[in-house]
Amino acid sequence: MNGRDGLRPIVHMTRMELRLARRALLIWTAVLVGVVALYLGLFESIQDPAMVEALKAMPESLLKAFSFTPAMIADVNSYYGVYIMGYLVLLATIYGLMQAGGSVAREPDLGAVEFLYTRPVTRRQVAVAKIAAFVVGAVILWVAIFAVSTLVGWAVAGDAYDLGRQRWTHLAGLAATLAGGGVGFLLAPFFPRAQTAISAGVGVGLASFVLHALSQVADRLHPIGYLSLQRYAALDRAAAGDPDAAGLLVLVAVFLAGTLAGTMILERKDFA
């Protein structure tokens, strides 16, 4: 089999995976851009003096945990790039974990195991197609978020909404989503059904968010943040125009390592 013959089934399966994932992608995209439109559109209301005074009366550690300090919401770029993006990254990483894990674990539910995980296509080709479709979906998701946030940001804050800085926050969000997908691909071969993989994805995504939030509460809890994908996205730095390059590389490495390890495990899995 030459390179072109090996690529043709991958392209075909990638298209098939994109069709299967289309409904979920549309729903998740609608939810996330809806969050952007709603909460970014509330920026001016958040600046109400009564709101600021109420925040000052709350425990500082709690406000830091959820990136909702008075200083954080005083500027549109940090309000969107750190506070709102924190929840977008939470949702997007859950999407990544669910979509990646579910795409591998759903074949028994579809009755397609005998075809997809045996000849005429190799398991490696199947895995590559699923990974490629996932990456395309993640890029589409974040391009849509970036487009809507730009329109709403300019509408509510004009030139104060810094597109250059927000470019980095969205890149960090994409990297975190890919990393979530890498973890999903790694875990998926261990689950017999798609629903199990999806549930595990939700759990891992929420755990990552909680660990990051707890790491902000006190200095002694800071180390647990290194177990969180949000830690490496470093949205506060990205929103300030100084992205954490090392953190982004870690997220990319998690994606690559997870997809590679998941593919190797899938090649050896017994579906009998």
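Backbone N, Cα and C atoms are what each Cβ position is placed from, and that goes for glycine too.
Note that the structure is a prediction, hence the values are computed from the model and not measured.
Residues annotated as transmembrane segment in TrEMBL: 20-42, 80-98, 131-156, 168-191, 198-218, 245-266.
Relative to the transmembrane segment (198-218), the listed stretch 80-98 leads the set 20-42, 80-98, 168-191 in CB pairs under 8 A. The stretch in closest packing with the transmembrane segment (245-266), judged by the count of Cβ pairs under 8 Å and taken from 20-42, 131-156, 168-191, is 168-191. Sequence-remote contacts of a segment are chain residues at least 6 beyond its ends whose Cβ falls under 8 Å from one of its Cβ atoms, and for the transmembrane segment (20-42) they are 79-80, 84, 87-88, 91-92, 95, 98-99, 103, 133-134, 137, 140-141, 144-145, 148-149, 152-153, 155-156. Under 8 Å from some Cβ of the transmembrane segment (168-191) lie the Cβ atoms of residues 80-82, 85, 88-89, 92-105, 127, 130-131, 134-135, 138-139, 141-142, 145-146, 149, 197, 200-201, 204-205, 208, 229-230, 232-235, 238-239, 241, 243-244, 247-248, 250-252, 254-259, 261-263, 265-266, 269, all in the same chain and six or more residues away from its ends. Same-chain residues lying 6+ beyond the ends of the transmembrane segment (131-156) with a Cβ under 8 Å from its Cβ atoms: 10, 14, 17-18, 21, 25, 28-29, 32-33, 36-37, 40-41, 43-44, 76, 80, 88, 92, 95-96, 99-100, 103, 163, 166-167, 170, 173-174, 177-178, 181, 185, 259, 263.
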